[in-house]
Amino acid sequence: MMTHWPSPAKLNLFLYITGQRADGYHTLQTLFQFLDYGDTLHIEPRHDGEIHLLTPVNDVENEDNLIVRAARLLMKVASESGRLPAGSGADISIEKRLPMGGGLGGGSSNAATVLVALNHLWQCGLSIDELATLGLTLGADVPVFVRGHAAFAEGVGEILTPVNPPEKWYLVAHPGVSIPTPVIFKDPQLPRNTPKRSIDTLLKCEFSNDCEVIARKRFREVDAALSWLLEYAPSRLTGTGACVFAEFDTESCARQVLEQAPEWLNAFVAKGVNLSPLHRELL
């Protein structure tokens with residue numbers, strides 16, 4: 001039987017780079033909130049132990065796709081611990097709405113949805129903590145999607161504290177470029193010494209993103225998108241880009257601005273939510 005699973009976007013409401021470790025990874029402080037908008041995964045269990053991705057992604061080999069890697073990882077770990085029913089497999093297809101290299105967490109969200117959905121469908125019985133640990137091996141942003149609650153993140157993004165920021169409306173705009181994360185993090189001018197602050201202090205400050213100055217400098221499309229949005233509302237970059245977003249108190253205000261978006265901007269309106277749509281599905 002075919003099942004349908006949300007794979008929501010996230011926004012980084014703020015993002016501060018606090019240092020760089022010896023292994024090259026950057027330490028940060030960021031605030032994750034989900035959107036009621038994203039991809040949808042369609043999963044049909046198989047009984048022959050096979051994993052098939054029915055909707056290949058351009059320029060990504062199926063076996064390298066995070067969806068397939070997440071499914072195989074869960075299969076391996078559940079099997080090794082005696083929790084995988086014989087013959088467990090799946091046909092997986094994706095309805096893709098989130099851009100690659102957009103800073104909305106699309107790939108990480110897809111991986112998390114696969115872990116949560118297949119753990120449920122295969123009845124493996126892994127805990128959320130176990131799934132989050134698996135997710136971290138796939139990417140630093142995967143655990144927040146697995147846990148499914150808005151969170152303050154520290155370390156390299158893996159130390160999560162659940163929080164409940166206001167659930168605002170957002171106009172999210174993709175300026176038509178893809179920004180690989182390493183392009184931003186390897187830039188010598190990226191701020192890497194923002195002082196660490198407590199979550200209580202940060203929530204009282206004006207939010208910003210340390211990556212924004214680099215993204216605007218290196219990608220004129222991002223600069224143009226932010227310049228346009230800032231005419232209407234407080235706006236900033238999410239993650240390492242390329243998407244930017246503006247914050248509104250009401251849906252109608254956000255939609256009024258959306259109607260005026262220039263043709264070169266691919267934009268949508270969505271609500272910030274502190275409980276992931278994926279986890280709402282499981283309640």
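Think of each number as a place in line: the chain as shown, counted from 1.
Even glycines carry a Cβ here, placed using N, Cα and C.
Swiss-Prot has this to say about the protein:
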ACT_SITE  K10  active site
ACT_SITE  D141  active site
BINDING   P99, M100, G101, G102, G103, L104, G105, G106, G107, S108, S109  ATP binding site
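If you measure from the Cα atom of K10 (active site) to that of G107 (ATP binding site), you get 11 Å. Other than the site residues P99, M100, G101, G102, G103, L104, G105, G106, G107, S108, S109, same-chain residues with C-beta atoms no more than 8 angstroms from the centre of those residues' C-beta atoms, the ATP site, are A9, L98, G239. Mapped onto three states, the DSSP output places K10 (active site) in strand. If you take the Cα of S109 (ATP binding site) and the Cα of D141 (active site), they are about 8 angstrom apart, rounded to a whole number. Long-range Cβ proximity for G101 (ATP binding site), meaning a same-chain Cβ under 8 A and a gap of 6 or more residues, is found for V177, S178, I179, P180, G241, A242. On a Cα basis, D141 (active site) lies 16 Å away from P99 (ATP binding site). Considering only the binding-site residues P99, G103, G105, G107, the Cβ with the fewest other Cβ atoms within 10 Å is that of P99.
The 10 Å shell around the Cβ of S109 (ATP binding site) contains 28 further Cβ atoms across the protein chains shown.
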